[in-house]
């Protein structure tokens with residue numbers, strides 16, 4: 001550890017704030033602080049609470065702490081996410097268990113399906129709810145106001161439908177809340193709200209829990225939202241020993257409730273002296289050339305936020321190479337993708353970097369879909385299965401919830417996941433005298449002779465319930481894995497989780513397992529195979545890769561501007577911070593790409609690129625089509641003049657011509673543009689590629 005870290009770790013009691021820049025070892029600092037308190041200050045580990053944001057981060061923290069303290073103390077450590085801590089608190093306090101069901105999007109689809117709203121409009125609102133509403137940590141009294149705000153956000157220029165939509169959404173929310181109460185369910189933001197309500201309304205309970213924890217450590221504090229901050233303040237009521245690690249320049253979750261200026265608010269609330277503030281700026285992740293670019297963006301953020309510009313705010317590293325980050329501007333999305341593919345393959349073959357240690361980062365989710373299609377067409381880069389894994393887990397969770405609650409909505413959702421729900425079944429249910437879907441399924445199984453073709457599948461759900469009631473858990477999950485076609489990788493992980501969960505238990509609790517599964521989604525589906533990482537920048541926060549490609553640095557895309565925020569300075573700052581986070585995910589190689597046109601429409605490069613002194617800090621890829629896997633990029637002694645690889649005259653090529661590439665073999669021309677041709681290569685490893693007509697590697701061939 002360096003001196004900056006040592007000073008922070010060995011600080012005294014009270015509220016201490018550690019400003020730890022990207023890659024400066026936040027986890028190292030917080031885990032060593034935990035160990036310092038136990039080993040040096042002789043604090044009982046059961047009286048230390050460490051909180052972070054993801055299950056994966058919590059597991060990593062626990063793993064590191066147990067290497068620093070006596071292993072016999074493992075059972076006494078309290079390392080949680082905010083949600084898992086609140087879940088434990090509610091179980092211990094209320095002496096009852098809840099089912100965590102955060103699938104608000106399904107509920108809203110069901111509710112809005114019967115409305116007269118335009119289907120595209122309804123989908124737009126559902127997507128907004130899915131992306132933002134489920135993360136709002138709000139007082140119940142503010143919900144109507146937030147819903148109205150969300151309507152305004154989604155319905156610009158749709159005044160005639162606004163009133164209807166507002167009413168529909170508020171009614172949907174009320175129904176959603178009632179459904180949870182009736183079925184003993186909580187969503188993730190309920191966990192926090194219930195915990196805070198109980199603590200704020202019961203002084204004895206507050207004293208008990210704030211007395212229990214002598215020290216509280218919080219990682220990534222800049223990402224906390226208002227209710228999380230209120231929870232922390234209540235938990236330090238007695239002892240007031242709080243150790244916070246964060247970086248305000250990486251605050252990228254304002255859109256889901258993180259409070260801008262939360263660190264400033266805390267300093268005011270707790271009257272934190274300057275002596276209790278620590279600045280860590282030695283980066284252990286990135287090459288100094290990458291940090292030079294990051295610091296250019298950091299200076300702009302500081303200028304916008306009127307921060308004092310000092311050296312302690314800028315990052316430095318002792319990791320130095322002569323490889324500058326590369327900026328590449330392609331003529332089209334396809335050219336951009338091909339260039340990225342070839343660089344990835346070159347890194348894999350020449351630098352021996354595994355695919356899993358490389359990432360393509362996107363500002364928008366929909367760009368990932370486009371890239372997946374292009375990678376599949378290329379056929380040479382292995383794709384991750386995280387999205388498929390996530391969908392499989394969601395379906396499994398839906399079925400388990402239905403087995404537990406047996407409500408109409410949950411059973412219908414489960415039958416859809418099992419591909420049993422059909423129009424015939426729906427019609428027969430309407431015709432029957434059964435209002436409860438579970439009763440109807442039992443009735444239908446007994447009456448299959450009358451409607452055998454339509455009801456033959458309904459007995460399957462009843463079988464699942466019988467297996468659960470008889471505690472035949474292994475048979476239950478074997479059936480589910482087979483029916484839902486769960487991937488072997490996920491199946492193996494779930495069997496392991498089931499084994500661990502059932503250890504020392506005399507009876508299997510389905511609701512308890514559902515909650516455990518919901519709290520660990522992120523750690524179950526993490527990428528463990530050697531496949532390329534395709535992530536939004538938000539999803540990449542906290543991760544690091546040997547090589548990073550920042551995709552689509554174009555104005556309007558990154559920064560992403562919608563009509564309602566194009567003149568919003570705070571939004572611009574948020575986008576700059578997002579760019580800073582993207583840059584600092586890279587350890588050795590950084591590539592930034594943009595395009596000149598999309599769908600034949602010209603598009604400008606991102607204005608953020610103007611904040612970087614390109615001639616000093618970037619290598620500019622001046623040719624848009626470097627098709628070969630070029631070793632020269634990795635050899636600092638070679639400076640390639642790509643213009644030497646072009647003819648003065650372009651080939652005269654038409655659709656249907658047979659051509660030969662020196663690098664990819666024979667292929668057929670399937671599309672021709674002014675300067676380039678799209679070639680479908682016979683070797684399926686290469687798929688289709690755009691090639692400049694005047695590239696020397698391309699020649700016409702004879703049939």
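Every residue gets a Cβ built from N, Cα and C, even glycine.
According to Swiss-Prot, the features are:
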type	residues	note
BINDING	23, 24, 25, 26, 27, 28, 285	ATP binding site
DOMAIN	1-287	domain 'UvrD-like helicase ATP-binding'
DOMAIN	294-542	domain 'UvrD-like helicase C-terminal'
**Asked** If you measure every Cα to Cα pair among 23, 24, 25, 26, 27, 28, 285, the residues listed for ATP, what is the largest value in Å?
**Response** 13
**Message:** Looking only at the domain 'UvrD-like helicase ATP-binding' (1-287), what is the model's average confidence as pLDDT?
**Reply:** 81
**Complete:** Between the binding-site residues 23, 25, the one whose Cβ has the fewest other Cβ atoms within 10 Å is 25
**Message:** Within 10 Å of its Cβ, which one of these binding-site residues (26, 285) has the largest number of other Cβ atoms?
**Reply:** 26
**Prompt:** Which of 24, 27, 28 (the binding-site residues) has the most other Cβ atoms within 10 Å?
**Reply:** 24
**Request:** List the other residues in this chain whose Cβ sits within 8 Å of the Cβ centroid of the ATP site residues 23, 24, 25, 26, 27, 28, 285, in sequence order.
**Result:** 20, 29, 280, 283, 284
